[in-house]
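The structure that follows is given in the form of structure tokens.
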């Protein structure tokens with residue numbers, strides 16, 4: 001609308017015209033909404049206004065201006081136009097419920113629009129969880145409901161914690177399912193004489209809420225013990241002993257004060273049980289000593305429990321053997337033979353012995369003739385093995401050996417001593433003057449004969465060890481000659497070494513010889529003339545021969 005104003009002066013009247021700005025109007029106001037925790041929404045605030053005027057949008061939440069810098073994790077101005085001041089709320093939480101006001105201001109006018117935001121979420125924590133009554137295995141609980149956060153509570157879950165549990169654990173209740181209108185329940189299946197505390201968790205269609213504060217701690221009443229020891233067994237010990245062992249019952253399953261064990265045992269096949277009371281919750285072993293206990297005799301054994309309320313059950317009966325005695329007879333038929341300069345093998349027969357216990361193995365004692373017997377070395381076998389190999393001995397040496405049987409009680413008497421002489425050491429001189437030649441996909445090796453010294457075992461033959469240079473596994477060929485022919489492909493480098501062997505074992509090995517791969521053209525006689533191929537072979541032979549000689 002245009003307005004006309006007249007101003008009078010002494011000489012003339014002046015006429016001025018002023019333009020009145022259009023009023024600001026909210027076209028799309030924020031609307032009240034009902035949302036769920038975790039959602040994101042936009043509250044619109046769009047206006048029409050005179051574009052000649054600057055416009056400012058501000059938002060308040062429950063009477064306080066929103067600081068978009070401080071609260072940027074949840075609140076953001078969106079719209080992108082000077083006539084829109086929409087508010088985005090991200091990842092809505094229960095704390096975001098309330099009244100939101102969009103305020104619009106220009107230099108000439110000011111207006112606002114409001115909306116209420118209802119946030120629905122999982123229930124708040126129940127309150128005042130109380131233990132109304134407690135027995136040896138049950139606890140009567142009651143509580144008050146917490147806020148339902150605009151979604152009715154559909155159920156409650158009760159959790160318990162003890163000094164023995166790992167955190168909070170759900171427990172069984174009566175009723176089994178606790179609906180949202182029930183504020184009392186009985187917890188069942190508790191262990192007697194254990195300190196418990198409880199808490200309650202509410203749930204609705206949106207989710208499970210935060211748990212309540214714990215109740216006070218209360219201990220269940222005492223009851224007769226019901227759990228028996230596990231893994232009742234035994235055995236071993238000294239002469240005339242019966243050793244009985246078991247796993248202790250955990251404290252949370254002892255059901256009361258004054259917990260202990262009753263150990264019952266009797267010779268196998270007898271009627272009357274012998275009983276011993278152990279008034280200690282930590283006891284896990286009992287030893288019965290009596291001269292009447294024969295070695296390795298079977299006993300029936302069971303272990304019961306008791307506390308201040310009375311006696312509980314016994315474990316299932318099991319058979320435990322009394323202590324063994326060390327073997328009283330020595331192994332027989334001892335025989336030893338030399339395998340090499342460093343190894344011998346010993347054989348024996350098991351002693352035929354009963355009622356003394358099981359032989360668990362054998363102990364072989366050995367010493368060199370020049371050494372003292374008290375400095376002898378010992379090795380042990382396990383089980384029914386009646387032979388063993390002794391290694392790392394000295395060559396050409398006389399050794400004495402004796403064998404004993406052993407069990408859990410100790411070792412028995414020693415057998416008669418037998419003697420064995422290790423063989424002479426193997427040759428110490430490696431093969432020399434190694435020459436190789438190649439033709440027709442074959443490698444021909446020649447070397448000088450190794451002659452053993454007077455104190456060495458005679459050479460029985462030679463071992464040729466060869467492998468590809470890129471591999472670690474080695475192949476072996478044995479020969480009693482001083483030459484060998486190998487049928488090997490020429491497309492690989494080979495590493496070869498040669499050593500003699502004898503009754504005393506393997507002798508010293510030659511230096512490693514590398515035979516380089518040879519092209520197919522030369523190996524097959526293709527390409528250069530035959531005379532050139534022979535020249536190449538001769539040159540290779542001379543070079544390897546010189547290398548082998550220089551390494552000796």
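A Cβ is built for glycine as well, from the same backbone N, Cα and C atoms used for every other residue.
Those TrEMBL annotations? Automatic predictions, nothing curated.
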Do you know which of 368-389, 390-411, 412-433, 434-455 TrEMBL annotates as region 'Disordered'?
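Of the candidate stretches, TrEMBL labels 412-433 as region 'Disordered'.
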Looking at 211-236, 237-262, 263-288, which stretch does TrEMBL describe as region 'Disordered'?
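Here TrEMBL associates region 'Disordered' with the stretch 211-236.
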Over the span of the compositional bias 'Polar residues' (412-422), count residues by DSSP class, listing helix, strand and coil in order.
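Helix, strand, coil within the compositional bias 'Polar residues' (412-422): 0 helix, 4 strand, 7 coil.
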Can you tell me how the residues of the domain 'Fibronectin type-III' (426-521) break down into helix, strand and coil by DSSP?
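Reading the DSSP string over the domain 'Fibronectin type-III' (426-521) gives 2 helix, 44 strand, 50 coil.
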